[in-house]
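Student: Have a look at this one.
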Amino acid sequence: MRKWALSCALLLVLLLTTLPDPAKKLQVNAEESSDEVGDFPKVEEKLGAVPHGLSTDSEVVQRESESISRKTLRNSAEKFEFQAEVSRLMDIIINSLYSNKDIFLRELISNASDALDKIRFLALTDKEVMGEGDTAKLEIQIKLDKENKILSIRDRGVGMTKEDLIKNLGTIAKSGTSAFVEKMQTGGDLNLIGQFGVGFYSVYLVADYVEVVSKHNDDKQYVWESKADGSFAISEDTWNEPLGRGTEIKLHLRDEAKEYLEEGKLKDLVKKYSEFINFPIYLWATKEVDVEVPADEEESNEEEESTTETTEEEETEDDEEKKPKTKTVKETTTEWELLNDMKAVWLRSPKEVTEEEYAKFYHSLAKDFGDDKPMSWSHFSAEGDVEFKALLFVPPKAPHDLYESYYNANKSNLKLYVRRVFISDEFDDLLPKYLSFLMGIVDSDTLPLNVSREMLQQHSSLKTIKKKLIRKALDMIRKLAEEDPDEYSNKEKTDDEKSAMEEKKGQYAKFWNEFGKSVKLGIIEDATNRNRLAKLLRFESSKSDGKLVSLDEYISRMKSGQKDIFYLTGSSKEQLEKSPFLEQLTKKNYEVIYFTDPVDEYLMQYLMDYEDKKFQNVSKEGLKLGKDSKLKDLKESFKELTDWWKKALDTEGIDSVKISNRLHNTPCVVVTSKYGWSSNMEKIMQAQTLSDASKQAYMRGKRVLEINPRHPIIKELRDKVAQDSDSEGLKQTARLVYQTALMESGFNLPDPKDFASSIYRSVQKSLDLSPDAAVEEEEEVEEPEVEEKESAKQEAEEPEHEQYDKDEL
């Protein structure tokens with residue numbers, strides 16, 4: 001009986017091997033028609049088919065065999081030309097990022113996550129948009145077709161209409177392209193491609209043909225396809241499996257990109273770049289499992305032949321006791337494997353999260369996948385009337401347009417979640433503009449879910465959240481300074497603490513170089529936190545030796561009896577170091593703060609005092625350096641000169657001439673009134689395109705000429721005035737000295753020609769030249785008319801290309 005069964009089994013196997021293989025036939029047909037447009041099956045023909053997300057590799061190949069091997073745009077599709085900016089951008093991406101092809105997967109997953117965020121938000125007010133069954137599952141699926149070299153990434157997000165496909169994939173905001181190109185030309189980190197909104201086009205690093213299948217609830221299912229050759233096509237999709245809703249991107253990989261068909265490679269990339277995406281990412285992965293199968297018939301027969309003969313009774317007993325013979329074999333199966341099973345970082349306890357996990361999460365959040373870690377972070381929970389969890393980061397670098405669009409940008413770097421549901425990143429009221437460089441997440445359990453963004457923005461809880469976020473943000477920045485050994489002494493630290501702090505050496509200086517302007521803007525805009533922000537200020541000074549110092553450090557070095565904090569504004573440290581306003585201050589060992597940023601002029605209009613110390617601009621009136629016992633006598637001695645000089649400069653707008661207490665080597669300087677503009681501020685305002693000239697004249701304030709009574713020039717002028725106060729030459733000399741002082745004090749000369757003429761007259765006098773010495777006239781020589789004609793003839797005979805070269809030059 002068993003031998004008969006064995007014979008039947010062998011015959012069946014033989015018959016099966018002679019049958020044709022349908023899969024191979026399909027493959028041959030696909031290869032033969034690779035350059036032709038076939039008839040694609042209609043959607044109606046596929047009703048009842050297994051959902052695409054759950055089908056096996058062989059079913060996918062069979063279902064799509066007519067389209068997957070073709071890499072030409074369908075003849076029936078509506079064709080478009082790429083916008084010029086897009087074509088230029090794709091060339092840049094392909095040529096510049098070729099060595100970092102991995103980023104394409106990161107960008108596609110990031111886009112899929114954004115689409116899922118959008119549909120989840122829409123579902124808050126309309127649950128029907130989510131759909132039912134598999135369509136309602138908010139997840140990202142990655143699938144491989146090694147045979148046809150296709151990598152597919154699918155999401156069940158909001159999807160795209162036909163118009164969306166044209167707008168989002170065929171055109172691009174010029175500003176995004178320009179910013180990306182500028183970043184590339186300045187040697188910036190091109191890993192930041194996602195920040196410019198051009199990440200999708202990185203697919204052409206690995207694919208030479210791309211299909212984007214998308215279904216939006218408000219439109220039919222469409223296919224967008226392109227070979228990156230300057231054009232793309234869009235057609236209604238009647239051959240792919242209905243998506244229900246969402247987008248599937250099919251990348252037909254280049255030969256040199258086969259590594260992205262390896263499951264291990266994709267798993268590594270997801271772990272590296274997308275581990276903290278807020279939606280599950282699944283890979284259709286192969287897996288080996290142990291399976292119990294019946295033992296082969298041949299093995300059973302061999303065992304029978306080797307056994308000794310038994311009696312009929314023994315045989316019956318053995319049959320009753322004998323169990324089916326099985327063996328364990330390895331079997332390959334495919335199933336969906338979850339690649340990102342990490343819990344949202346901000347929901348975990350700060351003690352459970354490692355530095356590496358914080359850094360990875362920051363890179364995912366900021367779409368910045370460079371090597372730089374965030375400078376600092378603050379992870380905290382708030383309890384009470386308003387409960388929320390938050391995670392804030394200080395980026396390693398300032399965004400490329402942080403201050404260019406400071407007052408116009410509406411988008412925030414903070415993502416607002418309500419009960420783990422992403423709501424928006426456009427709530428600019430969560431943080432003030434001066435802290436807009438911070439990145440992070442706020443997740444509230446108090447805010448309502450089922451209201452519009454506009455209503456949510458007016459919710460009273462937001463004010464409480466904002467207040468706590470500001471306080472935590474400023475504490476985070478303060479701690480960044482405290483942990484920097486360049487900022488504070490290590491004397492009271494243990495060896496382990498010193499070692500840890502060495503790693504953060506120079507961190508606050510780096511922060512200040514990137515975001516110092518934001519701290520200054522905060523002092524201008526936020527009166528409530530002005531003192532907290534003032535503690536974060538850093539600057540160079542006359543005693544800092546190139547290092548940055550704080551106001552607290554300055555105060556700790558103030559001289560006994562010094563009541564004011566001295567500062568000077570200008571365009572550069574080098575210019576300020578040579579300023580005549582520092583002469584007496586330096587001689588008497590006073591420290592002076594250098595402010596060289598244009599925003600510093602505005603800053604000091606709001607920062608009037610710090611720790612009960614007033615700020616004093618040393619280029620303005622009111623400088624006090626202690627009592628001078630001889631000052632009264634000097635004023636009396638030079639009274640005739642100061643009165644005469646004031647009259648001599650009557651047309652120059654000088655309010656008064658006074659004895660100075662701030663000069664040592666310089667004969668005189670021009671200072672402004674306490675509330676008037678400094679010379680530096682005048683230049684800043686004059687550079688404004690739409691500045692008001694009448695306002696400038698008013699805000700300029702009074703100017704005072706301060707003279708150095710100990711300088712030989714001033715003493716000689718006093719004597720000359722006493723001898724002949726009506727001398728025109730003396731008046732010209734006095735005006736020249738004033739104009740020189742005006743220029744040395746940082747002001748622009750109102751009449752440079754008059755100043756130059758005065759200089760030339762002085763030079764003439766020093767060379768013993770007569771004031772009436774005339775300039776020698778040049779003899780006029782008439783050029784022969786023949787030469788002009790020759791010249792014209794020569795020009796006419798010049799070749800056209802030479803003339804073109806001249807014009808170009």
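Residue numbering: from 1, along the chain as shown.
From the backbone N, Cα and C atoms, a Cβ is placed for every residue, glycine too.
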Student: Name the residue range among 130-133, 286-289, 578-581, 806-809 that Swiss-Prot annotates as motif 'Prevents secretion from ER'.
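Tutor: Matching range for motif 'Prevents secretion from ER': 806-809.
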Student: Based on Swiss-Prot, name the residue from D102, D155, D208 that is recorded for the same ATP site as N111, N168, F200.
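Tutor: For ATP, Swiss-Prot names N111, N168, F200; of D102, D155, D208, the listed one is D155.
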Student: Write down the Cα-Cα distance for N617 (N-linked glycosylation site) and F200 (ATP binding site), rounded and given in Å.
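Tutor: On Cα coordinates alone, these residues lie 53 Å apart.
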Student: Relative to the Cβ of N111 (ATP binding site), which residues of the same chain, six or more apart in sequence, are found under 8 Å away?
Tutor: G199, F200
Student: Sorry to bug you, but what's the C-alpha spacing from N617 (N-linked glycosylation site) to N168 (ATP binding site), rounded to the closest Å?
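Tutor: With distance taken Cα to Cα, N617 (N-linked glycosylation site) is 54 Å from N168 (ATP binding site).
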Student: Could you tell me which three-state DSSP class F200 (ATP binding site) falls into?
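Tutor: In three-state terms, F200 (ATP binding site) counts as helix.
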Student: Whose Cβ lies within 8 Å of the mean position of the Cβ atoms of N111, D155, N168, F200, the ATP site, other than those residues?
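Tutor: Neighbours within 8 Å of the Cβ centroid, excluding N111, D155, N168, F200: L108, A112, D114, A115, M160, L169, V212, T247, I249.
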Student: Looking only at N168, N617, which of these recorded positions has the biggest number of Cβ atoms within 10 Å around its Cβ?
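Tutor: In terms of Cβ crowding, the pick is N617.
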Student: Could you tell me which three-state DSSP class D155 (ATP binding site) falls into?
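Tutor: Its secondary structure by DSSP: strand.
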Student: In whole Å, how far does the CA atom of N617 (N-linked glycosylation site) lie from that of D155 (ATP binding site)?
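Tutor: On Cα coordinates alone, these residues lie 61 Å apart.
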Student: Return the residues near D155 (ATP binding site), defined as same-chain residues 6+ apart in sequence whose C-beta is under 8 angstroms from its C-beta, sorted by sequence, else 'none'.
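Tutor: D155 (ATP binding site) has long-range Cβ partners A112, S113, A115, L116, E139, I140, Q141, G246, T247, E248, F279.
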